[in-house]
Each structure stands twice: as structure tokens, then as C-alpha cells.
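Student: My questions will all concern the structure given below.
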Amino acid sequence: MDLLSGTYIFAVLLACVVFHSGAQEKNYTIREEMPENVLIGDLLKDLNLSLIPNKSLTTAMQFKLVYKTGDVPLIRIEEDTGEIFTTGARIDREKLCAGIPRDEHCFYEVEVAILPDEIFRLVKIRFLIEDINDNAPLFPATVINISIPENSAINSKYTLPAAVDPDVGTNGVQNYELIKSQNIFGLDVIETPEGDKMPQLIVQKELDREEKDTYVMKVKVEDGGFPQRSSTAILQVSVTDTNDNHPVFKETEIEVSIPENAPVGTSVTQLHATDADIGENAKIHFSFSNLVSNIARRLFHLNATTGLITIKEPLDREETPNHKLLVLASDGGLMPARAMVLVNVTDVNDNVPSIDIRYIVNPVNDTVVLSENIPLNTKIALITVTDKDADHNGRVTCFTDHEIPFRLRPVFSNQFLLETAAYLDYESTKEYAIKLLAADAGKPPLNQSAMLFIKVKDENDNAPVFTQSFVTVSIPENNSPGIQLTKVSATDADSGPNAEINYLLGPDAPPEFSLDRRTGMLTVVKKLDREKEDKYLFTILAKDNGVPPLTSNVTVFVSIIDQNDNSPVFTHNEYNFYVPENLPRHGTVGLITVTDPDYGDNSAVTLSILDENDDFTIDSQTGVIRPNISFDREKQESYTFYVKAEDGGRVSRSSSAKVTINVVDVNDNKPVFIVPPSNYSYELVLPSTNPGTVVFQVMAVDNDTGMNAEVRYSIVGGNTRDLFAIDQETGNITLMEKCDVTDLGLHRVLVKANDLGQPDSLFSVVIVNLFVNESVTNATLINELVRKSTEAPVTPNTEIADVSSPTSDYVKILVAAVAGTITVVVVIFITAVVRCRQAPHLKAAQKNKQNSEWATPNPENRQMIMMKKRKKKKKHSPKNLLLNFVTIEETKADDVDSDGNRVTLDLPIDLEEQTMGKYNWVTTPTTFKPDSPDLARHYKSASPQPAFQIQPETPLNSKHHIIQELPLDNTFVACDSISKCSSSSSDPYSVSDCGYPVTTFEVPVSVHTRPPMKEVVRSCTPMKESTTMEIWIHPQPQRKSEGKVAGKSQRRVTFHLPEGSQESSSDGGLGDHDAGSLTSTSHGLPLGYPQEEYFDRATPSNRTEGDGNSDPESTFIPGLKKAAEITVQPTVEEASDNCTQECLIYGHSDACWMPASLDHSSSSQAQASALCHSPPLSQASTQHHSPPVTQTIALCHSPPVTQTIALCHSPPPIQVSALHHSPPLVQATALHHSPPSAQASALCYSPPLAQAAAISHSSPLPQVIALHRSQAQSSVSLQQGWVQGADGLCSVDQGVQGSATSQFYTMSERLHPSDDSIKVIPLTTFTPRQQARPSRGDSPVMEEHPL
């Protein structure tokens, strides 16, 4: 489409929009007194008519000013261009709008007709006449006289006559000014409610009539126009005698209404005013104010004496509808009273409507000549009817007296367009005399008439006219050909050959019809089918024989009546529906759609199920099938029935269709793993396995069918190094890379199995535990590792965004868990690094302390000593708690006074069975000074604990680790060629290369006597009530160089343990660091200590995180039963024989106490003896005299257990020299005759293991395997001097006698972080086999040791 065509279409559309209403209004603003030929506006542009091309019009566009004959318009318009100009007529606003209120706008209106007829519109143009300042304000008189009494108070105000300005707005009165007032008077201007400005004279000084009785000055008034206009008047003020009172109107505002036809002399209103004066001053005079208009003064009369207002001349509402009468009441004084009377003139139907004919088509001798072929709606004249009356009296209608081919169409209020309503025909009517009638709505109505003459010019312009403008016929379908439908006819107003008509089918007529040219008969020539075509719409033409011929047409609508000649049709011959088996009863199965080409009742189809099938129902109207049963695919997979469709014809037709309903499976089952059967199974993967080898196959089944049962596998967690891959269809897990050392251990691979169900896939996950190792030597440990590992979250793969659920909530939970795990690991790592850096170096000054004496016990400390402990509540309650009480008794035999008295120190110990392994020994401080020796080694042991029973009286809230502090002169640590520690130093604290900074705590200590026992009792079965074992130890004699008298001392250790701890151990191995915490029943450590966090892989020169001494977070479980006792009291001879080289160098355990100073040369002399509560040794290895042992673990609080052999209760089940739960143990541990390294041993409850052999006089075994505690063995009591060995009972040498002093001590809680002191509590010492002296009042007699 080119630009010109687009412009044309746009112009036509715009013209349709512009002229759709038939009339428009356009407003312009002009100023009064404008000169001639001033351009006001351009209708062609202002009405957007310039977009209409002239070539689309029959004639050129024309603008014609429509005005009343005889009027002189104030504007003119160019007919070709539409430009509006002023004429020579004066535009005077004050004259044109003299009768309207001053606050209303002044308009001048004209009408413009836009021709030709195809775009004809009548435009009413309203000119808003703006006021100019062409009038000056004037006072009502040039001299204004006013009287003021001489007693007027200062600031008294007197109203002056106001000036009048015909202009409005700012051009009106704006300001008053007093000239030459001599400062006696001032002027103020107030504004009345009507908006008028009133001047008031103000008395500014006292007046004295005798001094001066007259003042003359000028008053000036100004308007606000530009240029400003003003006028002046002389103001003469007379000073009069005093007039005390002023008149007062009874009513200051009065509003009355009076009809405009009221006769002259009719009373309008009566004013009343009063004056309190008497005499002449009381006489009141009424008058109109000078603000009252001249018209009001002419129409109304005011009685000056009575105040009665009457009609002076006839009123005319059409001239002035209301009048404002300002009445003044004066008593001769200078302060008249004011009252406003508003007179509303009501309308009376006293005006006849007037008819104003303004021709659009120019008349010739007052007659309009029209051609008979002019188009319809040709505009002839604008008829304006007016009535000066108001309301319904001024509402006028206009009409013609009889039927004529013309009509009046309203365009504006009381304005009508006279236009042709039909084609004119010269042959029928040559002239028209149109009588126009105008009538108002008054009662009675008044009317007016006017005549308008039209003459018709003859032309051949009449076309045939059909008698019907629209022809409608109906015929049933399946008709016989040749049936006549209807006959059309047309007439022609012309005469002669122009009136002869021929009938023709229009070009849109279908071939099924034919038309007789002369008669106009319409006939059907073919059989009709409503289903193919239900209606026909075409035209019939009528053509005359004139020259040129004229034609007309009529539209024919043929409707085909339906017959029931079609049966209902199903959209499918057979319907197959698939429904889920969980579809509820009365749910929607499907929809049967049926169509019927017929119409009405013939197409109203009703559906039903044949054969009385009660399992399903069908909606007879909508075709929705619903079940009356619940589906079960396993019972019946499909249902078949027939549906009947029947229409509603008089002779109904029907059809049927087969319906099959198939019950399909629903994805309501998750895949279930059958391999592995649970998260606790595992598979061994050899490190030598080649990449690409299938190491395991997972298998999951889905109880659904089809795609819902198709399972796909994927690894979604645990495979952080991508060591394994899985086949998503077979479930084969393949090793992707060659395993190295870092890959050894347990791998928890999280495998996800999801089905292919739609729309939602279901899935399950399983943990596949792949144990990368050469063999599985300890299945119990692996099972325990697997069980423990299930409590920790599996690390997700980096590429897996969500392994548990597709929802964002599980993603958030997973991210939070991973972040928390990483945070904990980082904190533990940082803490371990800081603690390791705090390990003190060796202090050489310890060498000077080897010959130090023990601290002298204080015999006065006879009461129980309470020690503070840390109060830290655990976040998670442990599942089981084991409460142990260690009672250390000491008998002094050297002093006669203390004979038979023993001091017993009860130390409560908490043990967690499963949660203890979670305690971090690295981050938990111990009770030792940073540079003190590692005393924890003396109280940690790798020996398993026997089965103990928890008794109700077991105290609550007790710690599960008890550390005995050494005396200031520490004889428990010595230095030689092997040890790096010194036992002699000026420092009051002994120094160990392996010490850790610790936090102290206190425990309660009770002192009581207990008789010694001289036999060794061992229990190999769970203890029912209580079991007591006493081991007497005879320490080695002191070196002669020390010059000390060897005293005899014995040490008694009593264990109070809770009931229920007699579970047997299933595995005696040491825990792997990566294996997770184990239960206390494993007996890897004494008293069921969890092993995984207490010990770690380490070299002999490094401490591990297991070097803590106490667990401040231990808790107790209420409901404990009576405690059992195990008392170990060796004799002096036994103790001396059982002291080993390690006891002489590194200190003594409870079974082996020695004097303070020991000779280094004795380290090669001592032999270790083992007192145990377990069966004999299971194996002994080849003897080696070179010590391969890299590290030795002692009972209770010892360093890492990674390379340790423990006595009692836990022999290795398979391997001889290594415990299965600790990977580095393969290099462990042949026992030897030389002392171990600096970190080798600690104080023990049994002899140190470094040189332990079968307890006999034979050479020590090269390897000693921890004795295994068996549930099947019974309790055996051994006589003094005999123990159970590998080959039976072994003799213990009792010939060595020694003297040793023992000392009790406690650990007090630090009062300040810098306080590293260890408080030593002196207690009474005793000698073994010395009888205790009688006590006084149940309290043993204590005496201080002579040393």
C-alpha cells in the first residue's frame, strides 16, 4: 500500500469520526473592540479537514456561514479555506451581554455548514468575548454629601456611595483613595458578599462643629485594567449635632418572588426599621442606595416614609430575571441602616416561540430549487426556534404539518436541520409548500408557524424500488426441484420506458435458485441439504429501461428447515480409556463425544450404557463416564461395554460405540534395594584391584509396572574423589582409578535408585560401604565402623546439587549440614595445631632432682577432701554411662602409731560407653603444668576393663578420669640414655617432653581404713553383686647411692563400678581413627574407653590427641545400684619383684611403687610381671632382644594406642603382633628387655607392658599378646605369689623386700588461666603387712612418714 492510499484511508476514517455526531462545536476567544479583518481561526486546520482529499468528494469542500436574514454578523468566513475574520461591525461586550450577570461569560454564537453533503456537518462556533478596560469607574454623582455627628468616636466608619464600572474582573473597581483629607478622615474599602467594593470614611480625629462644621475633599476610584482608568468626585462632609441612636432594620436581607405578569402597583415587600431616639431624630427616611441599577429604579417604587416597595412598571423576566434593591433607612443622622431586597421575577408563558430560517441552499425569490435526483439527506436549511420563557415554557418543538419527503433532524438545542428524507420525483410532485410548526411546552402551549417553499426540477433519476427492503423465505430440506419460493416486485416513479422493470439474480446468488425476469418469481431448481448449507443470502436486482438504466436490489434470505435425516455420530468407533488404579470411586474416567448434524431436537443426543452395566455410569448430556467401583489392576485389567446415543427427533435415530477401560499402573512404589540389603553391609575392595573392575553391584526392584518400574542408578554422595562410577542401568559399581595409600579405609558411597515414572519419579537411596583393604581381619570392627558411620552424614558429590529430594528445602538442609561439618573440622584442626605448638621442650634442670625426697604427708588431713570439677553440660545425652570409683588406699607400716590405719582416696570416674569417643582430648586441657611430665601415661591403659556392676549407691556427678598428681620431687620420671625426661630439677614440677597444658578439676576424697588382702582375686565372668581384687606390690629396693632407708609401702586400688557393665567384648582391637567411635564393650581401653578419639596414628616421638587426662563433659545416669569393689594390694615382696625397668625410669603404677631415687643402671635389671584378670596368653612370639616396639600403651589415660599391646581381656583374634583396629599396628610391638622411648609408659594398674612377659622366672617373651577375657571362664582366686600365665600358673618372686612411701594428691581447679600449680595433699604413708592401730571413733590413726 503506497503512502497516498494510506493517507486517503486515514482521511476518510478521520472524517467519519469527526462528522459522526452530525454536529460539532468549536470555541474561539476574541477581545471586544477588535478591528476589521483580524484572523480569528482556520476551520480547515482546527477541525482536521485538511486530511480529506478533494478528489474523494463530488464537489469541492465549502464553508458557509448560516445566519438570520437581516442580521449583520460580527465575523465572516472564507467559503473555500474556512478562515474566520472579523468584520467592520463593532464588538462591544457591554452591549452584547448587557442583560447577563456580571460574573458570567459573554458569548457570541454563529453556525457554519460544511458542504458537500457526503461530509456535511453543522459546526456551532462560540466566540468568548474577553473584556477590555474600555470603561472608567464612575461615582453616581460628581459631588457626594455626607453628614457626621460631632460626637463621633475616633475610628468610626461611615459608608460612602460606591463607584460603578461596566467592565468586569480586574478591569472593574479595585481601589478608592481619599485626597486632601487633612488627616482628619481616612478611607477604608470593604467587600460585600456580592463581591462589590464599598468605600468607608473613617474618623481619625475628634470633630468640633463650633470649630469647623464642613470638610471638603476628593475621593478617587481606580480600576485594575491596563491602562488603568480612574475618576474622582468631591466629598463634602458636614459636622452635625449629636444623634445618639441609629435606625435598625428588622430584617437586613429579604428575598421575594413575583411573577412577571404581576400588574403595576402590586406590593413587593414592606420594610420595617426602628430608631430609639425621640422627636425629630426618631423619624426614619427610606431610600434606594446609589448602587441600585437604573432598570430597578424604573421598575420599582419605594415609599420613603412607610418603606413599602411596589411595582412601578410591568416586569419582564426575559429582560431581567432578578433585581437587587439596596434600601437605606436614615433618621437624619450620618449612619443609615442598610437592607438588601432580592426580587426574583418568576416566568410566565407569555412569549410565543419564534422560527428563524437560515438557508443553506441559496433561495431564489424565497424559494429553494432542488433537482429530483439529489441524494437523500440533502441539507436545505437550518431551522432555529426560540422562546424567551424559561423552563418548560421555553422548551420548543418543531415539526411539519403533513408527510413530505423532507424531515427535521435536531442538531443543537432548539435547532433543526431540514433535509431530504426521500428521493424527489418531478413526475409525482413538482412543488412543495412546507409548513413549519413550533410549539412550546407551556400551559396552555403557545405555537408559531412559518412557510418554506421548494421547487423540484425534473430529471431521470428514479430507480426501481422494491416493495420489500428485505425478503425472508423458508423451505424444508430434501425438497423436490422446481418449487416456487416467493415473488419479488418493484416499482418505478418514473413514467414511460423509465418505469419498465426487469428482475435479475444478483452476482452472489447460488445456482440452486432461478428468477423470472418479468414476474420476479424465485424458484428452487435443486434438492437442498441443510447439513451442507443451512441458509442462503443473496440479492435480486431490478433494472429499468431508462437511459441510462437505473437499478436497485433487494436482499433475499432463504432459511433451510431441518429434517431428522441423520443419526448421531460418535467421534470414534471404539473408545479406549486408561485410568489409574487408584482412581477414586465416582471419579472421571473419560468423555464420550457424539455429534449429530441435524438441528434442534433432531440433534439433541442422549447417552446411555447398554446391557445394564452397573459398574459404570455415563452422564446422558455431557458424556462423562464415572466408575461405581474401585479399580484393582491385579484383579481386572480392563472393562468393556457399549454406549448408545439417541437423538430427540420425532422419529428418533440412534447409534452405539464400544468402550474399553484399561486399568493402568500408578507410580506409587519407590525402588527398593535388595542389594545391599541395608546401610550396614560392606564389600571388601582390594587395593590391587585394576581400574574398570566391577567391585560391587547394587540392585533395586520396583513393584510398579512399565516405565514406573524402570530403575536407574546414580552415585549422589560419598564419592568425593570420583574413585567409583556406577552403571545407571545395571547398577555395577566400577573402580575408576588405581587405589593408593590415601584410599585405604571405608568408603561410604550414597547410591540413588530412581524410577522413570511420570509425572513424578520416585527414588530411594542406600549407602554402599566399600572397604578398601588387603583383607578383612576383624569383621566385628568393620561392622562397628559401618554402624557408626551411618550416624554421620554422607558427603555429597560436588556435581550433585540435591541427593535427597528435588525440593529446595532439602538442598538448604544439605548445604547447612555440609557447612556445619566443615566448620567443626576446621575448628578441631586449628585447636589441634595450637595445642601441639604449646608442647614444652625438655628441661635439663630435671637432672638435678633425681635424689629429691618425697613431700612429707600431713597427718592432720583426716577428713574427706572435696575437689572442684568442671561443670559443663553435654549437648547430647549419652546412651549409657558407666560410673567407676577408684579407691586408692595406703597403709603405713613403718610407724607404730599408725599401725593398722589406712587412708583411702575414693575417686569417682564417669565413663561414657558410646558418646565418650566424641570427646576431643586435644582441645580439652589436662591438670598438668605445660612443662610437667606426662603423668597421664601412668593412668591410661590399653587393658580392657572387666565386667563390673553398677550399684545404686554409686555417687552421681563424678568424673570418669582420675589423675594422681606427683609430689614436688617427682621420682616417677627419670632420665637416662633412652629417656628424654629428667626426674630431678629445681622446678617444683617435673618436666616431660610429652606434656600438654591442662585444666584442673577437683574430686571428693574420703579417708577410711581397710584391712589388706594378700591374695589375688580375678573374675572372668560378669560380676553379680561385687568383686574385690587386691594386688600387693613389692617395689624394687632403692639404689644404695641414695642413702635412704627403704621403707615398706603398699598401694591399694579399689574400683567401684556400676552394674550392667559386664558385657563381653566382641573385638579386642584398637580403634581406627577413621572408623568412628566404638562402644565401651570393645575393651580397647580400660573401663570401656572409646578408642577412636583417644588415640591416633603417631610415631614414638609424637604425642597424639589421646593425651588428655579428664573429660569435663562426662555426665551420669540416675538410678545406679550398689557398687562392687576391686581391691589390688600387692605385698612388698611382690611389688619389688614386679617392678620393671620402665617402673624404675618412668615411674610406678599402683601395682609397683618404688622410692624416690632410682639408679639408671637398674633399668636393665628389672623384669615386668603382669597381674591380670583374664585368661592366659594365647600366643607368644619369637624372643627378640632388640626393642622393635615404637610405642607402649599403659592402662588409663595413656597416649595413642596405635602401636600398643594391652594386657587383660582383649587378645587379638587372628593376628599375633598387631591389633586389627589400628592400621599402623602391623609394625608394632615385640616386647623387649630394654626400656621403650620417652613416650613409652605411664603409671599403670598392672605392670608396664614394655618388657612384660609371661609371669615367671624365665626370660620375657618377645611378644606378648593381651590376655583375652572370655565369658565362659569362671572366677578363679590365686594364692599370693601365683598368677595365671600362658602355660598355666606361674610363680611370683616374693623375696625382694622394699620400702616405698606413697602419697595421695588431688588436682584443684585453676583459679586463673595462668595458674599452673598442682596442689599436693600430704597423706599418711604405711608399710605393707603392718597392722593398723586401733582407731578412735571410727577414724583411722594417721601418722606422718619420717621422710
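Every residue, even glycine, has its Cβ placed from backbone N, Cα and C.
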Student: Between Asn48, Asn145, which does Swiss-Prot record as N-linked glycosylation site?
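Tutor: So the answer, going by Swiss-Prot, is Asn48.
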Student: Which residue, chosen from Asn27, Asn447, Asn478, Asn1138, is annotated N-linked glycosylation site in Swiss-Prot?
Tutor: Asn27
Student: Checking feature assignment: region 'Disordered' per Swiss-Prot, candidates 847-881, 1057-1091. Which range matches?
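Tutor: Region 'Disordered', as annotated by Swiss-Prot, spans 1057-1091.
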Student: Just to confirm what the record says: which one of Asn54, Asn628, Asn732 has N-linked glycosylation site annotated in Swiss-Prot?
Tutor: Asn54
Student: From Asn365, Asn553, pick the one Swiss-Prot annotates as N-linked glycosylation site?
Tutor: Asn553
Student: According to Swiss-Prot, which residue out of Asn679, Asn773 bears the annotation N-linked glycosylation site?
Tutor: Asn773
Student: For Asn344 (N-linked glycosylation site), what is the tally of other C-beta atoms lying within 10 angstroms of its C-beta?
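Tutor: Around Asn344 (N-linked glycosylation site), other Cβ atoms within 10 Å: 12.
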Student: Go ahead and report the DSSP secondary structure tallies for the domain 'Cadherin 4' (362-466): helix first, then strand, then coil.
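Tutor: For that range the per-state counts are 4 helix, 55 strand, 46 coil.
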Student: If you count CB neighbours within 10 Å, which one among the glycosylation sites Asn27, Asn48, Asn553, Asn773 has the smallest count?
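Tutor: Minimum Cβ neighbour count within 10 Å, taken over the glycosylation sites Asn27, Asn48, Asn553, Asn773, occurs at Asn27.
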Student: Could you round the CA separation between Asn344 (N-linked glycosylation site) and Asn553 (N-linked glycosylation site) to a whole angstrom and send it over?
Tutor: 63
Student: Whole-number answer please: how many Å between the C-alpha atoms of Asn27 (N-linked glycosylation site) and Asn48 (N-linked glycosylation site)?
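Tutor: Checking the Cα atoms of Asn27 (N-linked glycosylation site) and Asn48 (N-linked glycosylation site) gives a distance of 15 Å.
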Student: If one measures from the C-alpha of Asn773 (N-linked glycosylation site) to the C-alpha of Asn553 (N-linked glycosylation site), what distance in angstrom results, rounded to a whole number?
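Tutor: Asn773 (N-linked glycosylation site) to Asn553 (N-linked glycosylation site), Cα-Cα distance: 105 Å.
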Student: Over the span of the domain 'Cadherin 7' (677-795), count residues by DSSP class, listing helix, strand and coil in order.
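Tutor: Output for the domain 'Cadherin 7' (677-795) reads 18 helix, 46 strand, 55 coil.
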Student: Do you know offhand how many angstrom separate Asn553 (N-linked glycosylation site) and Asn48 (N-linked glycosylation site) by C-alpha?
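Tutor: Computed Cα spacing between Asn553 (N-linked glycosylation site) and Asn48 (N-linked glycosylation site) is 36 Å.
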Student: Of the residues in the domain 'Cadherin 2' (140-249), how many are helix, strand and coil by DSSP?
Tutor: 3 helix, 55 strand, 52 coil
